[in-house]
Amino acid sequence: MSKQIKVALIGNPNTGKTSVFNQLTGLNHKVGNYPGITVEKKEGICKLPRGVKAHILDLPGTYSLNATSLDENVVIELLLNKKDKDFPDVAMVITDVENLKRNLLLFTQIKDLKIPTILVINMADRMRRKGITLDIPLLEEKLKTKIAVVSTRKNEGIDRIKELILDYKNVSSEPCVNASVIDVEYFEGLKNAFPNQDVYKLWLVITQDVNFVNLDRNLVKDASSFSTKPKSELKRLQQKETIYRYQFINGVLKEGYKLDMNAAKGFRASLDKVLTHKIWGYVIFFMILLIIFQAIYDWSSYPMDFIDATFASFSEWAKETLPSGAFTNLIAEGIIPGLGGIVIFIPQIAFLFLFIAVLEETGYMSRVVFLMDRSMRKFGLSGKSVVPLISGTACAIPAVMATRNIENWKERLITILVTPFTTCSARLPVYLIIIALVIPDQRFFGMNLQGLTLMLLYLLGFVMAVVSSWILNKALKIKSRSFFVVEMPNYKIPLLKNVVYTVVEKTKSFVFGAGKIILAISIVLWFLASNGPTDDFTNAEEIVKNKYSEASVGQSVSETDMENEIASFKLQNSYIGILGKGIEPLIQPLGYDWKIGIALVSSFAAREVFVGTLATIYSVGSDDEQTIKSRMGSEVNVLTGGKLFNLASGISLLLFYAFAMQCMSTLAIVKRETNSWKWPLGQLFIMTGFAYVVALIAYQVLK
Amino acid sequence: MALTVADLKKGEKGIIKEISLDEIPIKLFEMGCLPGNEIELIQHAPFQDPLYLNINGSYLAIRKETALHITIDVIDHNISGV
């Protein structure tokens, strides 16, 4: 690999950092997570003139080098660790021309780390309208940097950035503010205690106060041996540092930045008047929610039906075309339906992310946070919990990750813990098939009963989330101060490129993340259902045929009945059948048989596996074209002799799926986000226990 | 009793006099909430909480309990929001 220039993009949130990143890297980028933590890591390659390439790392948005969230912590950890493989050759601070003063605070801090730093002043297209003029040569001199004035919206100035990166060796690494003047004595002491370290770096390490995750801090291992100051004193110094930096920035901007007040203001204020209005604000928000749900559950049904049909016929085709044998069965009955089970969620997930991306990009989401905070707080949540709870209707995994910007640990934890109650798209296939089986397709006061049931289930999920937050808020004794600071960004028309990239990235990460698990389970299930430990399994055909010829003299058995009988016998004696039989006593009181038991067990990995499992179970060895629904409909409960899927067992199943924690990926994410097994395990046992009890009561009452 | 940001009416402006360090997150003073800077109340959410402010050019929402710890001098009684 040829030597690449390593560039780190740093900046406050809402400065157009992502746009700059997208402009520089185009589609040459990938998104992942930092090792061990679920903070998004975006990196890409930027082609520079003369065949040179730059490796661009997009760091999470941060207001300063004093971390108040895990996202921000990543930035500091990287910049403090020269040995990190991503440590930049040159840092690039992205600023918004309208918020230059505040954005420069971060810039001066990074300069203090003696990293060569380029200053990018973005949103230059707004300058004239806002009456802003800049004296670039003066700013470059005072800030000891090189400046690129760009407008990502108009695609201007990107070449200048590329030039500056190429020429990074000429970018100064000299600090522009000397922070140690805030307490000369203390900083002298620091310098003497750790003679080999940079003082400002030491100061940052000492003052980091992150209560999110205890990240290892290798840099100053014995910092505790240094006689440090009490916390309140450190905070006073931090304030002093901030004031000192602002004094410097104000001095610089006084000369280099002119603002014509008359040209400013207007649009934002009038839009805010409506969108944050006491009544209209809520009306508009609920209308938007309505449109989102409409899109997710109505519009997306067309592509979903198409995907469903395509995979079904693909599986059929594979079965017919490929030479018959175990491998073909694996492909046709395990892999293709498994893949289909993932791909089918793409339309819903993409729609949801599309809306969230647009709402975030326009700056509207902050207004929702503002409007909702007060009412959410009653339940121990924060206005910022709205986004995860909405995202949870697509998938709990990105939703849990979206809690990261909640500063208050208790509010964040509660949000993480209750999010899995919201009805995610994985429950939808289960709900749909069971509702179709047990709820009559009738109207009730003009409302379709099946649709009504589905709506009730969604409401139930939301109510449970709220009620359990209320309980958790009372029960959890976590001392955590409720700091809540939300920036209200300028309204912007979203850039198509950014929205499209976000949707593609998030959908991709869902498909590959959840997809791997679902696919693996499908294959394992197929294997377990197609193999058995005893001779009963291998000789199933003979045994069943013998049984019939002995017992049913005079009784004619049709070919298909015989085949079904064989398939069912085979399944009972397969590995998975034995497993299902094993748990049958536990689930019989809920009205389920061992086949449902198998589906329950496998869907502890992911709920959407339920339908796939039943499909696999009912289709192993049988070739007829019955749909899964009619197969389920004709299943008989051996104990009662009635239909297996009746109102009682159906409602019991619906409730079980509404409450039980059946998603390994979510548990894994919760473990990573809370850095402990305590919370995901608590979720698993409490939610599932509750689900069991509710399902039990429902079945016993309705039966 | 000293006036705080929570006492501001919609459209009113004040100058920050003092902030209680123990109660104010660092983030807030990094956003410009520092003594001497101007603060303007743009809007309340329903029930007067949270508050939507313009602090020294930064547009922020903070909760009332935080606003109570920022004491101010009110400078403009009559100018309503733009």
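Counting starts with 1 at the first residue shown.
Glycine is no exception: its Cβ is also placed from the backbone N, Cα and C atoms.
TrEMBL labels come from automatic prediction, so no person has curated them.
Pulled from TrEMBL, these are the features on record:
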DOMAIN    A:4-171  domain 'FeoB-type G'
TRANSMEM  A:279-297  transmembrane segment
TRANSMEM  A:335-359  transmembrane segment
TRANSMEM  A:413-439  transmembrane segment
TRANSMEM  A:451-472  transmembrane segment
TRANSMEM  A:510-529  transmembrane segment
TRANSMEM  A:644-669  transmembrane segment
TRANSMEM  A:681-702  transmembrane segment
- Message: Taking only the residues in the domain 'FeoB-type G' (A:4-171), give me the average pLDDT of this model.
- Response: 88
- By a Cβ-Cβ criterion of under 8 Å, what residues six or more beyond either terminus of the transmembrane segment (A:644-669) are in contact with it? 38, 396-397, 400-401, 420-421, 423-424, 426-427, 430-431, 434-435, 437-439, 453, 457, 460-461, 464, 513-514, 517, 590-593, 596, 600, 603-607, 610, 632-633, 635-637, 680, 683-684, 687-688, 690-692, 694-696, 698-699, 702-703
- Item | Cβ contacts the transmembrane segment (A:335-359)/the transmembrane segment (A:510-529), at least three under 8 Å, sequence gap 6 or more | yes
- Query: Which sequence positions outside the transmembrane segment (A:279-297), separated from its termini by at least 6 residues, show Cβ-Cβ distances below 8 Å to it?
  - Reply: 348, 351-352, 355, 359, 367-368, 371-372, 390, 393-394, 425, 428
- Return yes if the transmembrane segment (A:681-702) and the transmembrane segment (A:413-439) have at least 3 CB pairs under 8 Å (sequence gap of 6 or more), otherwise no. yes
